Amino acid sequence: MATKPTESITILSLQKLSLGTAEPQVKEPKTFTVEDAVETIGFGRFHIALFLIMGSTGVFWLAGSLLIIGLASVVIPTIGWRWLIRIASIPGIILIMAFKFIPESARFNVSTGNTRAALATLNHIARMNRSVMPEGKLVEPVLGKRGRFADLLDAKYLRTTLQIWVIWLGISFAYYGVILASAELLERDLVCGSKADSEVVVTGGDSGESQSPCYCHMFAPSDYRTMIISTIGEIALNPLNILGINFLGRRLSLSITMGCTALFFLLLNTCTSSAGLIGFLFMLRALVAANFNTIYIYTAEVYPTAMRALGMGTSGSLCRIGAMVAPFISQVLMSASVLGALCLFSSVCVVCAISAFTLPIETKGRALQQIK
């Protein structure tokens, strides 16, 4: 009889003990993505250095253009254009060999499974910024829906995409056209009051070849100065371009600069002085550079994140087509009719100006779209 109370107490005690004790839970290991690491590290010296390097690339493009013109003024009259090409290829060869020492992107390393290299890059950024890395294991983020080519032609973006492609093709056509046309116009010495029969240096020794279209006019020092001054124009309108796209909007700003580009193409055919020709070429280089800046910003803003890279990539492809067509107009057609070539360049710019003005979406003050 005495054992029953003891037994019941023991059972109650065990029940209380089992209810009061929680079962052990397995803790999930902490993880973080590259984006989490960047947010944790924060802004610092690395980002300042990156801003200076990337911001100076536009100056590295201008400097390269000026350098090749200066190099041509020295090399071509002395040892010929073939040596100019050989010398100009040296920086590209050095750059190819230097690619081995350029660190890869942390995002790319994570996507390929090379998390050790990605961690090394992120740790280097953290040390430069005097910050710390987040705790846990670096993992690849879960990817959402990727953009497809068909998305660009979806009913929502079809008109925008087609007009953007036309603008990219036309801007590239005008940009490389004015560069090649500059040399062609200077070679033909179309300045009013200049000698019609400028000195011709024939590539062959046979007198019969003088009647061939395959001849070269040697540039005078003044021609090289004209090329250098006009090239500097590529950064001349940058402050006004920035103000325009922020106050007038992307569409109106681009339509204005494209319209002015068309006008200055036609002005190249007018009878003017040497200073006038330099001014026209200077403004053309400034305008075509401003066109590129504006359409690049607009294309990056108009598409959502899933489609942004695809939109920029396809636009770049159309840009290359415009660059390939430009030499046939600025050199082949211009040899037959200067006015015809300039009118064609101007007409393309007018079409681009209309396309820019009628774009269905204005991205000024519009947040970047994350989803379709």
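Counting starts with 1 at the first residue shown.
Placement of Cβ uses the backbone N, Cα and C atoms for every residue, glycine included.
Bear in mind that TrEMBL entries carry predicted annotations, made automatically and left uncurated.
Per TrEMBL, the feature domain 'Major facilitator superfamily (MFS) profile' maps to 1-364.
As annotated by TrEMBL, transmembrane segment applies to 48-76 (among others).
TrEMBL lists 83-102 (among others) with the feature transmembrane segment. Same-chain neighbours of the transmembrane segment (83-102): 68, 71-72, 75-76, counting only residues six or more beyond its ends whose CB sits under 8 Å from a CB of the stretch.
Summarising the annotation, TrEMBL assigns transmembrane segment to 162-186 (among others).
Residues or ranges marked as transmembrane segment by TrEMBL: 336-359 (among others).
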Same-chain residues at least 6 beyond the ends of the transmembrane segment (48-76) with a Cβ under 8 Å from one of its Cβ atoms are 83-84, 87-88, 128, 218-219, 221, 224, 227-228, 231-232, 234-235
